[in-house]
């Protein structure tokens, strides 16, 4: 019975506690044992010069060895070529490391091989370029403030608005360089064809005759007719010059390609965050508690903002966990009832969408008939209302149905993030499909319902009697949609949101509670942005200055929404995961780009261009200008360009793409198997630790008995 304390003392270091001098122990010290554990890697997070776990100052010999060993590890870490800001150290240790590297680099910079020097120079140049681009991002502090006060979901709206502003600025710069500049360098553009010019397609004179009143001027400004119809704003203004026609068409394709690449880049970066959040690879709570804090923050304002951001993220996780637990304990009957409710609600949504689409088609078809009535022609205000009838109907549908979708979503029993996704899907389908219905009705008018043998379309290939310059008419419709959308946003902010805030603040009683506090509705606002950008993509070919107008609109919209947010809105009672927004918003934007490309490509390849306006007048199709321009190039260039369109180039390109895709898929599968194996190893290690902890508890509990 006397051997047991001795054995225990030898095993644990001493009978009094954890630590004892090495001479009193028969084996290695506890600090050396702890240093061999994988958990000793956490010492790096304490910075250089920190004693190992379990070491005491009075342990001279053993502590000296531990400090010596740890000093060697520290020196090895100090020689790490990574920048100081990437090291997991406190700020004081980072600053000392930076100063030490600065003095060392002055001596070592000239040493080493040429490859090492160029690699070091390239790495530093890349870091400085990233820092410069990061510093050029506008409204960075404003977005941080919004994220800290209203959550990451609201911040994602303003981030998307900033991204769309960048796309429109790039499109405007390309338009100025490839369209406006060649137009003015080639000489003054000719005016519209007069009534004396004989043409089988009639005549086209957009200018108003006689004295123009102020009401007519205002009508022309809002509808894009009159003096604006023959201006750089619309397609018909640009003269039929071969080089200008080529640059005009190349500008449209270049803008679409740049937008596609930038949206794909943004979607992929958001997809990584979404997959990581949905796969539960990280324990959400511990990850945010131990890894979400930025120790480089300075100032109370930044600290409070970061605290609020972490608070919102934890609220999202807790809310979604509650919904998942409720779904996990449902019985079979409860699950069947939930699915029945979902089916009925989706049938209701389909019926509402069908009624909305029929209304848009009816409003667009009746516009032409109403414009020909004598009463409408006599009253400018009534004529303006008739011209805006499709836009008014689309805006009314988009104003009424999204709140209905918002009321339906909580009844389906999904998590908050999933509810946001379904609301977005239904709302984006409503907005984009209503735009598609509008374009279909316009196509029906332009092509006489697709009947090329019809009386109005047989001569010129399009309805030249009602639409002598159909490209400009299509651009005017997109111009009116953009302008009406801006006026709607201003009216809602000035006539609804601000008075509601005043009513809620001045009337604390029942009337104030009835008004209620306002929350920033992220799905509706995001879909408004995507709808406006889709309108610009559809109409930019027929209204080249539309991206520039949209840039101005988005600038006004940013400051207006910021003022509305901080003045009239309160933080949302229910938040949603920002990672889902960062992926889903660009995905919906990509859908808008795909939808907008369909009518544009159809117009370029199939519908004959107008014979009396535009840079492609006289051609059988808009695309016919490209082969005609290629025929004027040298023969070698022609052969190369025509080779790109043959099967001899397409088949090898397809094979190479298939091989690269198969390699990428195989590589992704191998990485997936490796990740699964590492997860299994992690689970095994966790089980081993639990087993060892239980054995330690069991040995401790049997000590008195021994």
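Using N, Cα and C of the backbone, Cβ positions are placed for all residues, glycine too.
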The annotated transmembrane segment range in TrEMBL, which must be one of 583-607, 608-632:
583-607
Contact set, same chain, for the transmembrane segment (649-672): CB under 8 Å, 6 or more residues outside the stretch
643
If we skip the immediate neighbours and take only residues 6+ beyond the ends of the transmembrane segment (339-363), which ones have a Cβ under 8 Å from one of its Cβ atoms?
389-390, 392-394, 397, 401, 404-405, 408, 411-413, 426, 429-430, 433-434, 437-438, 440-441
Here the mean pLDDT of the domain 'TMC' (469-579) is 82
